[in-house]
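Look at TrEMBL and you will find Phe11, Gly13, Gly15, Glu65 tagged as Ca(2+) binding site.
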Amino acid sequence: MADLEALVNAFTGLGVDEKSLIENLGKSHPEHRTSFRKRTPHFFIEDERSFERWNDHRVKLLKHEFMRFKNTLVLWAMHPWERDARLVKEALKKGPQSYGVIVEIACTRSSEELLGARKAYHSLFDHSIEEDVATHIHGSERKLLVALVSAYRYEGPKVKEDAAKSEAKILANAIKNGDKKNPIEDEEVVRILATRSKPHLKAVYKHYKEVSGKNIHEDLDASDLILKETVECLCTPHAYFSKVLDEAMSSDAHKNTKKGLTRVIVTRADVDMKEIKEEYNNLFGVSLSKKIEDKANGNYKDFLLTLITRDN
């Protein structure tokens, strides 16, 4: 089948290439489709009755890919407060593997934006974000997450360097002694991360390296993922968003990880996409536009590219 490669490409990646499917599959004859099924064993399985049926797992994945463009449009049209409230609700439903989304929203929004998301959550779900986070999360991260979603940080430029140095030492000691007490459960660690302004925390981040010789997130291992993501979101948000985008476009990414591509681009397109694109290029040596061109398909790809190339 001459157009087999085009069909495989149309079905592979993030989103689907609708135009290619119409041109190649829509106009195909029965023998063409038979050839396509026989020559794509990763899509179809030949059963004991000798006919090729869809691989159920592949069908489930394709449903997600067909939905990407619609879901992106719906999220883009939403009020930002509603969008964040719904993202938090979804993360709570999905469980621990999605709690990083709650960290992302709590730590990368302004105080007014986070307050707006909390108001929207009241209206949508008749509960508070704080209440649902406290009710649904039972692990060691609960105290920190409740504090983060409850925060209303000072947003002025003033930083007390002596306090920042002192708190860098507190964090360093808590992480160093993590084998005795999980730093995510340390009240002083929670206080610093949940109440201090972002300029202050960036000063803490700088002084931490002077104290420890490494950046905070470098001293945290995989078991401290929520704490690590909290530090990255508060202190180096553009690097954090760049990593989420790159992981989402990995060929073996989990479906929840893939959602990060839509989420970050839709939520940051009006905010700091220029800085994210610059940081992405610095970290990975390729432009974000080029990576999306290579990894995404169809209307989904076109819409993402439209969002990241518009003027902020």
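Glycine is no exception: its Cβ is also placed from the backbone N, Cα and C atoms.
TrEMBL labels come from automatic prediction, so no person has curated them.
Within 8 Å of the centroid defined by the CB atoms of Phe11, Gly13, Gly15, Glu65, the record's Ca(2+) site, lie the Cβ atoms of Ala10, Thr12, Leu14, Val16, Asp17, Leu62, Arg68, Ala296, Asn297, Gly298, Tyr300, excluding the listed residues themselves. Around Phe11 (Ca(2+) binding site), the same-chain residues at least 6 positions away in sequence with a Cβ under 8 Å from its Cβ are Leu21, Phe43, Leu62, Glu65. The C-beta environment of Gly13 (Ca(2+) binding site), restricted to residues of the same chain at least 6 apart in sequence and closer than 8 Å, consists of Glu65, Lys295, Ala296, Asn297. Most buried of the binding-site residues Gly15, Glu65, judged by other Cβ atoms within 10 Å, is Gly15.
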